[in-house]
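*Asks:* Provided herewith is a single structure, encoded as structure tokens, for subsequent inquiry.
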Ligand code: HDE
């Protein structure tokens, strides 16, 4: 029977004044009650509806399933957990208004006891994360390689939930620390959940799962004082690195600008391990998974990343959230590196070694589909915190390889979920449930939600006619792809895993000079925080085995004298004869588009509306969000007499929150900004962080006021005669992402 909607006017919350609350008709969110936003909500605008209500017409099967679980107190009476209406939620029950509280106050006991138990253990790694819903679609059938149902039909959208994370810091640590980013995707396929649990680097720090607890202990804040938070710049991490050279390749990636992404929208993702795709005929092909961001690869610069940890610790979380609210849906293409099993031996390294990547120059990435993230969660805890990923969650058509790191992960994830989420039934939590039916003889345990009605809970059984029954492989039952295995039981690592320096060298040699300089600086920064000199020396010694310029650069900054022997080491051989692979560089080619980027327009009363309009039109055409930043909130009155709403103050909205900055024309506005320290700081910081700066017409005066160099060769410092002539070159400068040529000039420039 269709439930009646409560009329909105009757929905006032009951207050202890004796007024009767509106009846409790429904407990799920009624789309009629909260209208979806007609237009995307721009960044910083007032939120208009929960994530689930934004786009009712593109809800996936998973979203519709979750809808049934959503609860919304709007228009509802406040009740106990068991539905008893509460008349007074302001005062405990007392023996006399000044007397002691009474044990029979069941409402207080329930409320407080629930509060006392609100926290669950955070993830042991990847504790800090942000999630989003979306969908995945293949471009063409992959039946040649895999029978996985969700990879067959380009017309089918598979619901996904993605969680991005940092690794080292606790749940409340800042987003923009130097770290690897986790990238876990749950595909809710019709054949069960498939989890691709990867990172934003294509390699990992260790080769064998048994070293993971050691590695993580070394990475995490140190045991005696629990410092530092959210970073690897400390003794125990570098001690471990210095003693375990297999870490070096991933360390090189972490020290590059990949360790400080601009946003989750602008990172590449990697499944890292070699997996297998298996087709209907049972033929398997080795595969490595890639995510390529449609918005291109973009990173922060180091000083900016550090400033952001204080100015906006939620920078990445906010970017993801606001991009989805604004309709700038993060999009990533799925890419596959496919290696026929018989060709695996042709590589001069072992594809089972997760510290090695397969160069794209050797095995190109085939783009096969796209993922779109188009919906924010309604509740962080219920969805992002409770989601449980596990590399063991695979579906028919995908299989594991013998990678010893992957093999260990198959155990660890569900084990940690049982601890973190309170027992074996965590798969029944709504965000974790598959969208397809599931039945088996596993029973009971804490928080069992399902009421198992079958009369028999064992197999074989005759009482229940042996249901639920197995499914043969040809009808969709999962079967492990056959593989002959033989060997002596031994704790050994294969000699094919034993070379550690050629891959880090390939990475180093593939970077642009700017990126190489950043890597040297990052090593120097991190090792500069290491208190034990012998650890610093051991790491620098390892670097001499990768490249003498890298080692000398770091040694110079650390005041370490390298010996002749260290400087004349034999360098590792090129990986499969490759000296370089441009795909390893972030900036060898600028790619992607400008959609969702932000530009600050510094303005005060008297700003030219004409100038602002011209700027906004040009920026909107590229999908960029302009924001008016002024000395005060509210609005600024334009030269033409109109009020322009302000998005942020100069003191509270620094340039690190933007990709570029423009000072629009308007005599009076510029006169005010010339005297404003925050406006000058905004420009100086933007300059230091290599951003495009537009100073059209009389805004040019800001250059001198902010003590910026009058540099005619700077392609990102644009001072044309008026706004109209600014915009084309400003957009071109933004497409370069940063003004790299400016960087050497900022060395003597404090901001
Ligand atoms: Fe993880 N990892 N990991 N890891 N990992 C966890 O699982 C583990 C590894 C990755 O957003 C934990 O639910 C072992 C590689 C991501 O919820 C834990 C080994 C890669 C996430 C765990 C590895 C990852 C995790 C902690 C070595 C990239 C966050 C909480 C054998 C391919 C998922 C949890 C999320 C989380 C174990 C190595 C990625 C303890 C034992 C390699 C993205 O189970």
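Backbone N, Cα and C define each Cβ position, glycine as well.
In TrEMBL, annotation is done automatically, which means it is predicted and not curated.
Given the structure is predicted, the values throughout are model-derived calculations rather than measurements.
Residues annotated as region 'Disordered' in TrEMBL: 1-56. Per TrEMBL, the feature domain 'Catalase core' maps to 79-467. Residues annotated as heme binding site in TrEMBL: 123, 163, 212, 409, 413, 420. What TrEMBL records for 126, 199 is active site.
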*Asks:* Can you check which residue among the binding-site residues 123, 420 has the largest number of Cβ atoms within 10 Å of its own?
*Replies:* 123
*Asks:* Looking only at the domain 'Catalase core' (79-467), report the model's average pLDDT.
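*Replies:* Mean pLDDT, the domain 'Catalase core' (79-467): 97.
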*Asks:* Select the most exposed residue of 126, 163, 409, where exposure means the fewest other Cβ atoms within 10 Å, treating these as the recorded positions.
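*Replies:* Sparsest of the recorded positions 126, 163, 409 by Cβ contacts within 10 Å: 409.
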*Asks:* Helix, strand or coil: which one is residue 212 (heme binding site) in, per DSSP?
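*Replies:* It is helical.
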*Asks:* Please report how many Å separate the Cα atom of residue 123 (heme binding site) from that of residue 199 (active site), as a whole number.
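*Replies:* One finds 16 Å between the Cα atoms of these residues.
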*Asks:* Rounded to the nearest angstrom, how far is the Cα of residue 126 (active site) from the Cα of residue 212 (heme binding site)?
*Replies:* 14
*Asks:* Do any residues at least six apart in sequence from residue 199 (active site), in the same chain, have a Cβ closer than 8 Å to its Cβ, and if so which, in order?
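*Replies:* Residues satisfying the criterion: 180, 181, 182, 183, 269, 270, 272.
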*Asks:* Which secondary structure state does DSSP assign to residue 163 (heme binding site), in the simple three-class scheme?
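*Replies:* It is in a strand.
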*Asks:* Which binding-site residues out of 123, 409, 420 lie by ligand 1, going by a Cβ under 6 Å?
*Replies:* 123, 409
*Asks:* Which of the binding-site residues 163, 409, 413, 420 has its Cα closest in space to the Cα of residue 126 (active site)?
*Replies:* 163
*Asks:* With heme as the bound species and 123, 163, 212, 409, 413, 420 as its recorded binding residues, calculate the greatest Cα-Cα distance and give it in Å as a whole number.
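*Replies:* Largest pairwise Cα separation, rounded: 21 Å.
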*Asks:* Kindly assign residue 123 (heme binding site) to one of the three DSSP-derived states: helix, strand or coil.
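*Replies:* For residue 123 (heme binding site) - judged by DSSP and reduced to three states - the answer is coil.
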